[in-house]
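Structure first, then comments.
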Ligand code: ATP
């Protein structure tokens, strides 16, 4: 039997770190939403009890360190499954980019194996298992738009933003999430996102307010480590973005634009400055066209 699952990238409309907890993690508050740039996870039943893994990208581990492998292994242990599986990852989401590509692969593997092995687990149960793999995995199990608190495991479903285009630009150098959080001093943060106002704006479907309220406390830190983040942000505004923000711990920067033609023009203008540029739809607005990724540089 064979099953395919989409593993979409996420962007942060907001990311706030409230304080550092006794366990060393930051208490976070993040509004996250999925975009139509996705890896594809193929899962194939095999006669042996092995977990085999293969990825189209050499930038991710091809063994038990891959988050999709870890997800399959953990699910098998928890559910007492002896069956094996061959996992193939068609990688489209940039790696170490702040887009939760690895977490989304793990979440898609959990959803897919739940079907392949007929386990009948709820999304809540899959998210709980996923939280042992990584902080963003519970959100990625549900996808769409949500407020995530704690390390990211406490979730509240939110309305999807109004139809718009998202231009994503990933500078060449990746950044380590651990390094960025390591450099964060929560008591020195100058500007925090107004999370509750962002939630109101989503309920009102107020696109203008959403673009104005976007904010990420990690952005100044990553900008310091990777100056291309600032340059890309400036260029995106110059090329007509309605709002621009770095996603997660970066270094990917995204722009929201209301029209496809403007998104396409922005991608063409950015190509010379950045090796990886995409214009995609916000997820939740998928039915209007089959061609959801319009440009992939
Ligand atoms: P996060 O913000 O959650 O750290 P990210 O989007 O910045 O995520 P990922 O693309 O998830 O970064 O990669 C983070 C690390 O995880 C990389 O060092 C990568 O080698 C490793 N990794 C393991 N499995 C995967 C996978 N399936 N896809 C991407 N990266 C993976």
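Using N, Cα and C of the backbone, Cβ positions are placed for all residues, glycine too.
Here is what TrEMBL says about this protein:
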type	residues	note
ACT_SITE	10	active site
ACT_SITE	136	active site
BINDING	94, 95, 96, 97, 98, 99, 100, 101, 102, 103, 104	ATP binding site
DOMAIN	66-143	domain 'GHMP kinase N-terminal'
DOMAIN	198-275	domain 'GHMP kinase C-terminal'
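Features per TrEMBL, on structure.
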{"residue": "10", "record": "active site", "contacts (Cβ under 8 Å, 6+ apart)": "32, 33, 34, 35, 99, 100, 104, 136, 139, 140, 143, 247, 248"}
{"residue": "94", "record": "ATP binding site", "contacts (Cβ under 8 Å, 6+ apart)": "101, 168, 170, 252, 276"}
{"residue": "96", "record": "ATP binding site", "contacts (Cβ under 8 Å, 6+ apart)": "59, 174, 175, 176"}
{"residue": "98", "record": "ATP binding site", "contacts (Cβ under 8 Å, 6+ apart)": "12, 175, 177, 246, 247, 248, 249, 250, 251, 252"}
{"residue": "102", "record": "ATP binding site", "contacts (Cβ under 8 Å, 6+ apart)": "60, 66, 67, 95, 134"}
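Packing around residue 136 (active site) is summarised by its Cβ count: 28 other Cβ atoms lie within 10 angstroms of its Cβ, all protein chains included. Under 6 Å, Cβ to nearest atom of ligand 1: this is the test, and of the binding-site residues 94, 98, 100, 102, 104 it is passed by 98, 100, 102. Reduced to three states, the DSSP call for residue 100 (ATP binding site) is coil. Taken residue by residue, the domain 'GHMP kinase C-terminal' (198-275) breaks down under DSSP into 43 helix, 11 strand, 24 coil.
The number of other CB atoms found within 10 A of the CB of residue 100 (ATP binding site), across every protein chain shown, is 30. The ATP site is set by 94, 95, 96, 97, 98, 99, 100, 101, 102, 103, 104; from the centre of their CB atoms, other residues of the chain with a CB within 8 Å are 9, 93, 248. Residue environment of residue 104 (ATP binding site) contains 29 other Cβ atoms, counted within 10 Å of its Cβ in all protein chains.
When secondary structure is read from DSSP and collapsed to three states, residue 94 (ATP binding site) falls in the coil class. Under the three-state DSSP scheme, residue 10 (active site) falls in the strand class.
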